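*Asks:* I am attaching a structure below and will ask some questions about it afterwards.
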(Lines of atoms letter the chains of each structure in order from A; the text may use other names.)
(Lines give C-alpha, C1' and ligand atoms only; values in the text may rest on other atoms or scores of the structure.)
Protein backbone atom coordinates (compact mmCIF):
# COMPACT_ATOMS: atom_id res chain seq x y z
CA UNK A 1 0.00 0.00 0.00
CA UNK A 2 1.13 3.46 -0.87
CA UNK A 3 0.63 5.97 1.89
CA UNK A 4 -0.41 6.66 5.44
CA UNK A 5 -4.04 6.46 6.45
CA UNK A 6 -5.85 9.66 5.44
CA UNK A 7 -7.60 11.44 8.30
CA UNK A 8 -11.37 11.34 7.80
CA UNK A 9 -13.22 14.16 9.58
CA UNK A 10 -15.95 13.08 12.01
CA UNK A 11 -18.55 15.17 10.18
CA UNK A 12 -18.47 14.76 6.42
CA UNK A 13 -21.69 16.66 5.84
CA UNK A 14 -19.84 19.97 5.65
CA UNK A 15 -17.41 18.74 3.01
CA UNK A 16 -17.82 19.77 -0.60
CA UNK A 17 -18.16 17.29 -3.43
CA UNK A 18 -14.59 18.02 -4.45
CA UNK A 19 -13.24 17.49 -0.95
CA UNK A 20 -15.07 14.19 -0.61
CA UNK A 21 -13.71 13.09 -3.96
CA UNK A 22 -10.17 14.03 -2.95
CA UNK A 23 -10.46 12.09 0.31
CA UNK A 24 -11.92 9.06 -1.45
CA UNK A 25 -9.13 9.08 -4.02
CA UNK A 26 -6.45 9.34 -1.35
CA UNK A 27 -7.82 6.17 0.27
CA UNK A 28 -8.13 4.38 -3.09
CA UNK A 29 -4.54 5.22 -4.05
CA UNK A 30 -3.34 3.84 -0.75
CA UNK A 31 -4.62 0.40 -1.76
CA UNK A 32 -3.32 0.41 -5.32
CA UNK A 33 -0.04 0.30 -7.18
CA UNK A 34 1.36 -2.99 -5.87
CA UNK A 35 1.53 -6.18 -7.92
CA UNK A 36 -1.16 -8.53 -6.52
CA UNK A 37 0.99 -11.66 -6.51
CA UNK A 38 -1.84 -13.55 -4.88
CA UNK A 39 -3.83 -13.21 -8.12
CA UNK A 40 -0.87 -14.48 -10.17
CA UNK A 41 -0.33 -17.51 -7.92
CA UNK A 42 -4.09 -18.09 -7.88
CA UNK A 43 -4.28 -18.01 -11.69
CA UNK A 44 -1.47 -20.45 -12.41
CA UNK A 45 -2.08 -22.65 -9.36
CA UNK A 46 -5.69 -23.07 -10.36
CA UNK A 47 -4.77 -23.77 -13.98
CA UNK A 48 -2.16 -26.35 -12.95
CA UNK A 49 -4.61 -28.05 -10.60
CA UNK A 50 -7.30 -28.34 -13.28
CA UNK A 51 -4.88 -29.56 -15.96
CA UNK A 52 -3.47 -32.16 -13.57
CA UNK A 53 -6.94 -33.65 -13.07
CA UNK A 54 -6.94 -34.98 -16.64
CA UNK A 55 -3.92 -37.32 -16.41
CA UNK A 56 -4.85 -38.23 -12.85
CA UNK A 57 -8.28 -39.40 -14.02
CA UNK A 58 -7.06 -40.99 -17.28
CA UNK A 59 -4.43 -42.99 -15.33
CA UNK A 60 -7.04 -44.05 -12.73
CA UNK A 61 -5.09 -42.36 -9.93
CA UNK A 62 -8.06 -40.15 -9.06
CA UNK A 63 -11.66 -41.34 -9.51
CA UNK A 64 -13.83 -39.21 -11.74
CA UNK A 65 -16.42 -38.64 -9.02
CA UNK A 66 -13.71 -37.03 -6.86
CA UNK A 67 -12.24 -34.99 -9.70
CA UNK A 68 -15.61 -33.50 -10.67
CA UNK A 69 -16.07 -31.20 -7.63
CA UNK A 70 -12.42 -30.15 -7.83
CA UNK A 71 -12.86 -29.26 -11.50
CA UNK A 72 -16.00 -27.29 -10.65
CA UNK A 73 -14.12 -25.27 -8.02
CA UNK A 74 -11.28 -24.73 -10.52
CA UNK A 75 -13.73 -23.40 -13.09
CA UNK A 76 -15.35 -21.05 -10.58
CA UNK A 77 -11.91 -19.72 -9.61
CA UNK A 78 -10.78 -18.95 -13.17
CA UNK A 79 -12.57 -15.67 -13.59
CA UNK A 80 -11.19 -13.45 -10.83
CA UNK A 81 -7.49 -13.50 -11.79
CA UNK A 82 -8.40 -12.78 -15.41
CA UNK A 83 -10.64 -10.01 -14.10
CA UNK A 84 -7.63 -8.45 -12.37
CA UNK A 85 -5.76 -8.67 -15.68
CA UNK A 86 -8.67 -7.13 -17.60
CA UNK A 87 -8.29 -4.04 -15.41
CA UNK A 88 -4.47 -4.01 -15.75
CA UNK A 89 -4.20 -4.42 -11.98
CA UNK A 90 -1.29 -6.88 -12.18
CA UNK A 91 0.69 -4.50 -14.39
CA UNK A 92 -0.33 -1.44 -16.38
CA UNK A 93 0.64 -0.91 -20.05
CA UNK A 94 4.26 0.14 -20.42
CA UNK A 95 5.41 -1.30 -17.10
CA UNK A 96 8.03 -4.01 -16.64
CA UNK A 97 5.59 -6.76 -15.70
CA UNK A 98 3.01 -5.97 -18.35
CA UNK A 99 3.71 -9.33 -20.01
CA UNK A 100 2.66 -11.05 -16.80
CA UNK A 101 -0.64 -9.19 -16.72
CA UNK A 102 -1.41 -10.31 -20.26
CA UNK A 103 -0.15 -13.84 -19.63
CA UNK A 104 -2.48 -14.26 -16.66
CA UNK A 105 -5.39 -13.12 -18.79
CA UNK A 106 -4.65 -15.24 -21.85
CA UNK A 107 -3.48 -18.35 -19.97
CA UNK A 108 -6.67 -18.74 -17.97
CA UNK A 109 -9.66 -17.21 -19.77
CA UNK A 110 -9.74 -19.99 -22.41
CA UNK A 111 -10.94 -22.38 -19.72
CA UNK A 112 -14.16 -20.35 -19.71
CA UNK A 113 -14.30 -20.53 -23.53
CA UNK A 114 -13.78 -16.80 -23.94
CA UNK A 115 -10.79 -15.02 -25.47
CA UNK A 116 -9.16 -12.71 -22.92
CA UNK A 117 -9.61 -9.67 -25.16
CA UNK A 118 -13.34 -10.34 -25.44
CA UNK A 119 -13.63 -10.48 -21.66
CA UNK A 120 -11.64 -7.26 -21.35
CA UNK A 121 -13.51 -5.24 -23.99
CA UNK A 122 -16.96 -6.35 -22.86
CA UNK A 123 -16.20 -5.99 -19.15
CA UNK A 124 -14.84 -2.48 -19.52
CA UNK A 125 -18.00 -1.72 -21.48
CA UNK A 126 -19.99 -3.00 -18.49
CA UNK A 127 -18.14 -0.51 -16.29
CA UNK A 128 -18.91 2.34 -18.70
CA UNK A 129 -22.61 1.50 -18.96
CA UNK A 130 -23.47 -0.27 -15.71
CA UNK A 131 -27.19 -1.09 -15.50
CA UNK A 132 -27.96 0.66 -18.78
CA UNK A 133 -30.74 -1.51 -20.29
CA UNK A 134 -29.42 -0.93 -23.80
CA UNK A 135 -25.64 -0.87 -23.38
CA UNK A 136 -24.68 -2.94 -20.32
CA UNK A 137 -23.53 -6.35 -21.57
CA UNK A 138 -24.46 -7.88 -18.21
CA UNK A 139 -27.95 -6.40 -17.94
CA UNK A 140 -29.54 -9.77 -18.75
CA UNK A 141 -28.35 -11.06 -15.38
CA UNK A 142 -30.77 -8.71 -13.61
CA UNK A 143 -33.53 -10.61 -11.85
CA UNK A 144 -36.17 -10.22 -9.16
CA UNK A 145 -34.56 -12.69 -6.76
CA UNK A 146 -31.88 -15.37 -6.37
CA UNK A 147 -33.78 -18.24 -8.06
CA UNK A 148 -34.75 -15.98 -10.93
CA UNK A 149 -31.08 -14.93 -11.18
CA UNK A 150 -29.95 -18.57 -11.45
CA UNK A 151 -32.57 -19.23 -14.13
CA UNK A 152 -31.50 -16.10 -16.05
CA UNK A 153 -27.87 -17.19 -15.87
CA UNK A 154 -28.82 -20.51 -17.49
CA UNK A 155 -30.97 -18.76 -20.09
CA UNK A 156 -28.09 -16.44 -20.91
CA UNK A 157 -26.19 -19.41 -22.36
CA UNK A 158 -28.88 -20.51 -24.81
CA UNK A 159 -28.00 -20.22 -28.52
CA UNK A 160 -30.49 -17.40 -29.14
CA UNK A 161 -29.93 -15.59 -25.83
CA UNK A 162 -30.00 -11.79 -25.79
CA UNK A 163 -26.77 -11.92 -23.79
CA UNK A 164 -24.93 -13.25 -26.88
CA UNK A 165 -26.26 -10.38 -28.95
CA UNK A 166 -25.29 -7.87 -26.24
CA UNK A 167 -21.69 -9.13 -26.27
CA UNK A 168 -21.51 -8.99 -30.07
CA UNK A 169 -22.92 -5.45 -29.98
CA UNK A 170 -20.31 -4.45 -27.40
CA UNK A 171 -17.46 -5.74 -29.55
CA UNK A 172 -18.87 -3.96 -32.60
CA UNK A 173 -19.37 -0.72 -30.63
CA UNK A 174 -15.74 -0.87 -29.55
CA UNK A 175 -14.46 -1.51 -33.07
CA UNK A 176 -13.37 -5.06 -32.26
CA UNK A 177 -15.35 -7.11 -34.78
CA UNK A 178 -12.18 -9.18 -35.23
CA UNK A 179 -12.82 -10.68 -31.81
CA UNK A 180 -16.18 -12.06 -32.95
CA UNK A 181 -14.36 -14.49 -35.23
CA UNK A 182 -11.94 -15.41 -32.46
CA UNK A 183 -14.86 -16.07 -30.09
CA UNK A 184 -16.42 -18.34 -32.66
CA UNK A 185 -13.15 -20.21 -33.10
CA UNK A 186 -13.00 -20.77 -29.31
CA UNK A 187 -16.51 -22.28 -29.45
CA UNK A 188 -15.67 -24.50 -32.39
CA UNK A 189 -12.43 -25.54 -30.68
CA UNK A 190 -14.32 -26.43 -27.50
CA UNK A 191 -16.80 -28.61 -29.38
CA UNK A 192 -13.94 -30.21 -31.33
CA UNK A 193 -12.05 -31.07 -28.11
CA UNK A 194 -15.18 -32.40 -26.39
CA UNK A 195 -16.11 -34.38 -29.50
CA UNK A 196 -12.65 -35.86 -29.92
CA UNK A 197 -12.57 -36.94 -26.28
CA UNK A 198 -16.13 -38.25 -26.36
CA UNK A 199 -15.84 -40.30 -29.58
CA UNK A 200 -12.62 -41.84 -28.26
CA UNK A 201 -14.35 -43.23 -25.19
CA UNK A 202 -13.84 -40.35 -22.75
CA UNK A 203 -17.29 -38.74 -22.87
CA UNK A 204 -17.82 -38.98 -19.10
CA UNK A 205 -14.41 -37.44 -18.45
CA UNK A 206 -15.13 -34.54 -20.83
CA UNK A 207 -18.56 -34.11 -19.27
CA UNK A 208 -17.43 -34.08 -15.64
CA UNK A 209 -14.05 -32.37 -15.95
CA UNK A 210 -15.00 -29.53 -18.27
CA UNK A 211 -18.53 -29.20 -19.66
CA UNK A 212 -20.57 -29.57 -16.46
CA UNK A 213 -18.07 -27.74 -14.20
CA UNK A 214 -18.13 -24.91 -16.73
CA UNK A 215 -21.94 -24.74 -16.64
CA UNK A 216 -22.07 -24.72 -12.84
CA UNK A 217 -19.21 -22.23 -12.54
CA UNK A 218 -20.63 -19.74 -15.03
CA UNK A 219 -23.97 -19.77 -13.22
CA UNK A 220 -22.14 -19.17 -9.93
CA UNK A 221 -19.98 -16.42 -11.42
CA UNK A 222 -22.91 -14.60 -13.02
CA UNK A 223 -24.87 -14.89 -9.78
CA UNK A 224 -22.19 -13.45 -7.51
CA UNK A 225 -20.26 -11.15 -9.81
CA UNK A 226 -23.08 -9.79 -11.88
CA UNK A 227 -26.50 -10.19 -10.30
CA UNK A 228 -25.89 -9.83 -6.56
CA UNK A 229 -23.70 -6.69 -6.47
CA UNK A 230 -25.87 -4.77 -8.94
CA UNK A 231 -29.30 -5.91 -7.81
CA UNK A 232 -31.90 -4.57 -8.64
CA UNK A 233 -29.88 -3.19 -11.58
CA UNK A 234 -31.99 -0.07 -11.90
CA UNK A 235 -29.53 2.56 -10.58
CA UNK A 236 -27.16 4.03 -13.12
CA UNK A 237 -25.20 6.72 -11.27
CA UNK A 238 -21.58 6.27 -10.23
CA UNK A 239 -22.34 5.93 -6.53
CA UNK A 240 -25.50 3.83 -6.76
CA UNK A 241 -25.05 1.43 -9.68
CA UNK A 242 -23.33 -1.09 -7.37
CA UNK A 243 -23.87 -1.92 -3.72
CA UNK A 244 -22.21 -3.52 -0.75
CA UNK A 245 -24.10 -6.41 0.78
CA UNK A 246 -23.85 -9.14 3.37
CA UNK A 247 -23.63 -12.51 1.66
CA UNK A 248 -25.09 -15.62 3.29
CA UNK A 249 -22.03 -17.56 2.12
CA UNK A 250 -19.51 -15.00 3.36
CA UNK A 251 -16.92 -13.00 1.51
CA UNK A 252 -14.91 -15.98 0.26
CA UNK A 253 -18.05 -17.88 -0.74
CA UNK A 254 -19.20 -14.88 -2.74
CA UNK A 255 -15.71 -14.38 -4.19
CA UNK A 256 -15.13 -11.01 -2.54
CA UNK A 257 -18.16 -9.45 -4.17
CA UNK A 258 -19.62 -8.04 -0.95
CA UNK A 259 -17.32 -5.07 -1.58
CA UNK A 260 -17.90 -4.83 -5.32
CA UNK A 261 -18.85 -1.17 -4.93
CA UNK A 262 -15.19 -0.37 -4.26
CA UNK A 263 -14.22 -2.16 -7.45
CA UNK A 264 -16.66 -0.15 -9.56
CA UNK A 265 -15.55 3.15 -8.03
CA UNK A 266 -11.84 2.31 -8.18
CA UNK A 267 -11.24 -0.62 -10.53
CA UNK A 268 -7.46 -0.44 -10.09
CA UNK A 269 -7.63 -1.73 -6.50
CA UNK A 270 -6.77 -5.47 -6.28
CA UNK A 271 -9.60 -7.75 -5.22
CA UNK A 272 -7.93 -8.85 -1.97
CA UNK A 273 -7.62 -5.24 -0.81
CA UNK A 274 -11.20 -4.15 -1.50
CA UNK A 275 -12.51 -5.15 1.98
CA UNK A 276 -9.94 -2.94 3.74
CA UNK A 277 -10.48 -0.10 1.27
CA UNK A 278 -14.23 -0.41 1.78
CA UNK A 279 -14.00 -0.21 5.56
CA UNK A 280 -11.85 2.89 5.36
CA UNK A 281 -14.00 4.48 2.67
CA UNK A 282 -17.35 3.62 4.21
CA UNK A 283 -18.08 7.04 5.85
CA UNK A 284 -17.47 8.71 2.50
CA UNK A 285 -19.70 6.21 0.70
CA UNK A 286 -22.41 6.89 3.29
CA UNK A 287 -22.07 10.61 2.69
CA UNK A 288 -22.38 9.93 -1.04
CA UNK A 289 -25.68 8.11 -0.55
CA UNK A 290 -24.34 4.74 -1.68
CA UNK A 291 -26.38 1.58 -1.22
CA UNK A 292 -24.56 -0.05 1.67
CA UNK A 293 -25.50 -3.28 3.37
CA UNK A 294 -24.95 -4.33 6.98
CA UNK A 295 -21.28 -4.83 6.45
CA UNK B 1 -15.76 -15.89 -45.39
CA UNK B 2 -18.33 -14.02 -43.31
CA UNK B 3 -21.13 -16.14 -44.76
CA UNK B 4 -19.21 -19.31 -43.97
CA UNK B 5 -18.61 -18.20 -40.39
CA UNK B 6 -22.26 -17.29 -39.92
CA UNK B 7 -23.23 -20.72 -41.24
CA UNK B 8 -20.83 -22.45 -38.85
CA UNK B 9 -22.11 -20.35 -35.94
CA UNK B 10 -25.68 -21.17 -36.85
CA UNK B 11 -24.94 -24.91 -36.87
CA UNK B 12 -23.21 -25.05 -33.47
CA UNK B 13 -26.18 -26.60 -31.59
CA UNK B 14 -26.52 -29.55 -33.93
CA UNK B 15 -22.73 -29.93 -34.12
CA UNK B 16 -22.56 -29.99 -30.31
CA UNK B 17 -25.33 -32.59 -30.17
CA UNK B 18 -23.65 -35.07 -32.51
CA UNK B 19 -20.09 -34.37 -31.41
CA UNK B 20 -20.73 -34.54 -27.68
CA UNK B 21 -24.27 -35.27 -26.52
CA UNK B 22 -24.63 -38.50 -28.49
CA UNK B 23 -21.48 -40.17 -27.07
CA UNK B 24 -22.30 -38.78 -23.59
CA UNK B 25 -25.72 -40.46 -23.66
CA UNK B 26 -24.27 -43.64 -25.15
CA UNK B 27 -21.41 -43.99 -22.65
CA UNK B 28 -23.58 -42.70 -19.80
CA UNK B 29 -26.14 -45.46 -20.37
CA UNK B 30 -23.37 -48.05 -20.58
CA UNK B 31 -21.75 -46.79 -17.37
CA UNK B 32 -25.08 -46.92 -15.54
CA UNK B 33 -25.98 -50.33 -16.98
CA UNK B 34 -29.10 -49.00 -18.72
CA UNK B 35 -30.28 -51.01 -21.71
CA UNK B 36 -32.00 -49.38 -24.67
CA UNK B 37 -35.59 -50.57 -25.25
CA UNK B 38 -36.97 -52.33 -28.38
CA UNK B 39 -33.68 -54.10 -29.01
CA UNK B 40 -31.94 -50.87 -29.91
CA UNK B 41 -28.27 -50.36 -29.17
CA UNK B 42 -27.35 -47.64 -26.65
CA UNK B 43 -25.70 -45.71 -29.48
CA UNK B 44 -28.87 -45.76 -31.57
CA UNK B 45 -30.93 -44.53 -28.64
CA UNK B 46 -28.28 -41.87 -27.93
CA UNK B 47 -28.51 -40.66 -31.53
CA UNK B 48 -32.29 -40.46 -31.22
CA UNK B 49 -32.24 -38.59 -27.89
CA UNK B 50 -29.10 -36.48 -28.35
CA UNK B 51 -29.66 -35.81 -32.02
CA UNK B 52 -33.33 -35.02 -31.46
CA UNK B 53 -32.53 -32.63 -28.63
CA UNK B 54 -29.89 -30.95 -30.78
CA UNK B 55 -32.38 -30.60 -33.60
CA UNK B 56 -34.87 -28.94 -31.26
CA UNK B 57 -32.12 -26.59 -30.00
CA UNK B 58 -31.12 -25.87 -33.58
CA UNK B 59 -34.66 -24.91 -34.56
CA UNK B 60 -35.78 -23.09 -31.40
CA UNK B 61 -32.44 -21.59 -30.31
CA UNK B 62 -32.86 -23.02 -26.81
CA UNK B 63 -31.66 -26.17 -25.08
CA UNK B 64 -34.03 -25.62 -22.16
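Numbers run from 1 along the shown chain.
Every residue, even glycine, has its Cβ placed from backbone N, Cα and C.
Just so you know, TrEMBL annotations never went through curation; they're auto-generated.
Annotations for this protein, taken from TrEMBL, read as follows:
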type: DOMAIN; residues: A:61-290; note: domain 'Fatty acid desaturase'
type: TRANSMEM; residues: A:35-56; note: transmembrane segment
type: TRANSMEM; residues: A:62-80; note: transmembrane segment
type: TRANSMEM; residues: A:179-202; note: transmembrane segment
type: TRANSMEM; residues: A:208-228; note: transmembrane segment
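Just tell me what is around each of these and how deep it sits.
*Replies:* With a cut-off of 8 Å between Cβ atoms, the residues of this chain six or more beyond the transmembrane segment (A:179-202) that come close are 58, 110, 113-115, 117-118, 121, 167-168, 171-172, 210-211.
Through the fold, the transmembrane segment (A:208-228) approaches residues 50, 53-54, 57, 64-65, 67-68, 71-72, 74-76, 78-79, 83, 111-113, 138, 141-143, 146, 149-150, 152-154, 156-157, 194, 245, 247, 254-255, 257, 260 of its own chain, all at least 6 residues removed from its boundaries and within a Cβ separation under 8 Å.
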*Asks:* Take the domain 'Fatty acid desaturase' (A:61-290) and average the pLDDT across it for me.
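*Replies:* PLDDT averaged over the stretch: 97.
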